[in-house]
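Undergrad: Have a look at this one before I ask anything.
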């Protein structure tokens, strides 16, 4: 009589009919990186679009250019304090 546990966990296989071990090569852990590539591509595209919107807004609005210049000079001053 062969032992088969009820509610066996997914991703396990019987070796001797009683003991259950995890798969050696789990495809969920060894993926090809497609999801990571899509995520990184989406993040870079979003950052690029936000950068272009900021550049167009600054170039089109005189007071925005003034604000960006002063923020940049303040950042350079703070950078000079530490480095």
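From the backbone N, Cα and C atoms, a Cβ is placed for every residue, glycine too.
Look at TrEMBL and you will find 33-51, 63-82 tagged as transmembrane segment.
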Undergrad: Let me spell it out: take the transmembrane segment (33-51), skip the flanking residues so only those 6+ beyond its ends count, and list any with a Cβ under 8 Å from a Cβ in it.
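TA: Sequence-remote neighbours of the transmembrane segment (33-51) do not exist; the answer is none.
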Undergrad: Quickly jot the same-chain residues contacting the transmembrane segment (63-82) by Cβ under 8 Å, restricted to those at least six beyond its ends, or write none.
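TA: Distant Cβ neighbours of the transmembrane segment (63-82) are 57.
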